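Before any comments, here is the structure.
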Amino acid sequence: MSSADKNLSVFKTDGLPDISSRKFAILVAEWNSEVTEKLFEGAYNTLIQYGAEAENIERGNVPGSFELTTGSLWYALRRDIDAVIALGVVIQGETKHNDYINHAVAQGLTNVSLKTEKPVIFGVLTPNTMEQALERAGGIHGNKGDEAAMTAIKMLGLYSEVARHGSH
Ligand code: RBF
């Protein structure tokens with residue numbers, strides 16, 4: 001199976017942490033909302049499937065992917081939030097603007113994560129076409145929202161592991 005037709009949302013699920021008392025924020029960009037809503041569904045359902053409580057998942061909407069950085073920072077600064085998942089879709093190829101947005105968001109979310117010492121997950125699709133976006137949001141290539149949620153869970157597990165072996 002080539003990577004072109006692989007369902008990319010297959011991940012290892014052994015050794016996942018107990019997330020029943022963990023609190024998550026999911027940020028959703030309104031641009032290309034037909035896709036970002038599907039990413040949200042994937043992320044939300046995956047958190048629930050692996051043990052999160054519905055009341056511990058908060059959703060925040062931002063106008064476009066560029067605003068994911070600031071929105072994520074506001075949530076990540078909250079003491080009660082353990083992890084932030086940022087979801088957006090930036091379709092490439094129409095204008096150079098897209099490259100600027102992608103780089104700004106990738107760098108911005110990295111900064112938020114480092115500043116707050118919390119997992120801040122990059123769930124931004126950067127496909128060439130809307131069709132490719134839909135294929136990765138519940139289509140033949142799986143759902144990147146699922147993967148983003150699983151990444152948040154795994155990073156919380158790693159953090160517990162690291163903290164158990166030392167002191168901060
Ligand atoms: N936001 C997205 O989430 N996806 C896009 O594909 C997207 N394309 C844009 C293209 C242009 C030319 C501009 C000006 C904005 C675009 N945005 C997009 C919105 C951007 O993320 C942000 O909301 C606005 O630039 C306001 O800061």
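Each residue, glycine too, has its Cβ placed from N, Cα and C.
Whatever TrEMBL says is automated annotation, not expert-curated.
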Let me know which member of Trp31, Trp74 TrEMBL also records as binding 5-amino-6-(D-ribitylamino)uracil at the site of Ser65, Phe66, Glu67, Val89, Val90, Ile91, Phe122.
Trp31
Ile91 (5-amino-6-(D-ribitylamino)uracil binding site) to Arg136 ((2S)-2-hydroxy-3-oxobutyl phosphate binding site) - Cα separation in whole Å:
13
Output: those recorded positions from Trp31, Val90, Ile91, His97, Phe122, Arg136 whose CB lies less than 6 Å from an atom of ligand 1, in sequence order; none if no residue fits.
Trp31, Val90, Ile91, His97
Taking Val89, Val90, Ile91 as the binding-site residues to compare, which has the smallest set of other Cβ atoms within 10 Å?
Ile91
